[in-house]
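Here the structure comes first, spelled out in structure tokens, and everything after it is commentary.
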Amino acid sequence: LKHRGPDWSGLHQHGDCYLAHQRLAIVDPASGDQPLFNEDKSVAVTVNGEIYNHEELRKKLVNHKFRTGSDCDVIAHLYEEYGEDFVDMLDGIFSFVLLDTRDNSYIVARDAIGVASLYIGWGLDGSVWISSEMKGLNDDCEHFECFPPGHLYSSKTGGFRRWYNPPWFSEAIPSVPYDPLVLRRAFENAVIKRLMTDVPFGVLLSGGLDSSLVASITARYLAGTKTAKHWGSQLHSFCVGLENSPDLKAAREVADYLGTVHHEFHFTVQDGIDAIEDVIYHIETYDVTTIRASTPMFLMSRKIKSLGVKMVISGEGSDEIFGGYLYFHKAPNKDEFHHETCRKIKALHQYDCLRANKATSAWGLEARVPFLDKQFINVAMSIDPESKMIKRDEGRIEKWILRKAFDDEEHPYLPKHILYRQKEQFSDGVGYSWIDGLKEHADQHVTNKMMCNASNIFPHNTPTTKEAYYYRMIFERFFPQNSARLTVPGGATVACSTAKAVEWDAAWKNNLDPSGRAALGVHLSAYNAETPLSNMPSQVIDNIPRMIEVPGVAIQS
């Protein structure tokens, strides 16, 4: 796993327990090498992640002496003070193993949503294995699985328990009235705390709503931070796409508006196809949507790292929280809408978090995701879902409450047409010919005869398209174990929906494709003859011609 942490290799042994760590140094690169210890080295920790509230936590540990300035140094000391119940005190993303040599016990924990990847496995000899990636343990374990987000594993009990228990997890329908200023401030706080870094960083900017808001807030508040004192207040932004793709054009416009130093990376369909095997090896999935979106991100991450940047802030998670995927237009009522957002957030560790973490870590780059901040999720998921519902007759498009929260006439965050730009899934936005090219390539390598036998060759999560079959063949070559194939979710999907949401529209059952374009009657036509112009906000009307000009887009009328 040296690709994840090229800055330092650490190893600690106590009896038959081993802690190994590959460090990507972001905070305190000079002295924060791991494993980390308490004062007498009786407690040792290896951790991947960032603890954003570490300075506040240090103030609660006045009787403890810290060896480093690392944000993760608080973990061993918190354990000494509070035992296994300290995990919920951590505000950040993390996966860690803590060894208590006094009784040879250990605990393992993963962050609330599963932004940091983690796996657990068991060997025939009774050994327990923990790794940030599947490739770190799949050859040594009889059985292994994804370590569940928001959970803790204790050797004392030999089992898991969920430490993350927010109000929304029960999926009860919330009733807090929508307050745009409360939502705005919660997200600004989420972005600001992620500016904690001692190394050069930037923002990923696709030109869509989510990444543009992240970039706008970062640009607005960077000047007053410690980071700016070290690296200056000039923000760098990064975008990837095929030549003339929707994302490149929109990102360029946002970067000009915000005054960022913008880096635009182009790739060809063939570049992406050539990288598919490496992507599947690093991302460790055969899920079609994830591979489609991971490939451009994988190619971009290599370029970003070559510029000396080690951390980027990204916009994952917004669509799950606010119902931003285009299929949410068909949600029958607010209860179904809310339940689907809960299901999507709970599954993020298998999809977008997996992509964001591993596509960047493949090149020693860290991605931070403010939309998945614990406090922000609590605020956003407590809002009455009626406010999130997409209502054509009122001109309310997807993620309306997020857009309105940052629609500030006096101190605008973004140009209106960007603030109200329709959702483009990352794999679509980098260029529509990317997905079409993948399908054509798969068609050349998977025959009809192979598809006829797909259920016999792959009885679990049987691929239903040639593209899915192609990815599955590559995955099985790298990860042939049954445990490996069980780590990847399956089921029917349209435009990234869960299987349950496919039931919202009968027509979708015959159009099962994860691309946003599969949301028949929605993509680019959510506001059509059914919606009187008088009921549409002017910024949506202004944006429709802009969207239709994108080449290669099929419009459903």
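For all residues, glycine too, the Cβ spot is worked out from N, Cα and C.
As annotated by TrEMBL, domain 'Glutamine amidotransferase type-2' applies to 1-158.
Annotation comment: TrEMBL describes ASP71 as L-glutamine binding site. Cβ-based neighbour count (10 Å, all protein chains) for ASP71 (L-glutamine binding site) stands at 26.
Around the Cβ of SER314 (ATP binding site), the number of neighbouring Cβ atoms within 10 Å comes to 26. What TrEMBL records for LEU204, VAL240, SER314, GLY315 is ATP binding site.
Among the features that TrEMBL reports, site 'Important for beta-aspartyl-AMP intermediate formation' is placed at GLU316. Within 10 Å of the C-beta of GLU316 (site 'Important for beta-aspartyl-AMP intermediate formation') we count 26 further C-beta atoms, all protein chains included.
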Which listed residue (LEU204, VAL240) has most other Cβ within 10 Å, given these are binding-site residues: VAL240
Predicted model, mean pLDDT over the domain 'Glutamine amidotransferase type-2' (1-158): 94
Longest CA-CA distance among LEU204, VAL240, SER314, GLY315, per record bound to ATP, angstrom: 14
Count of other CB atoms lying within 10 Å of the CB belonging to GLY315 (ATP binding site): 24
Between GLY315 (ATP binding site) and ASP71 (L-glutamine binding site), the C-alpha gap once rounded to whole angstrom: 23
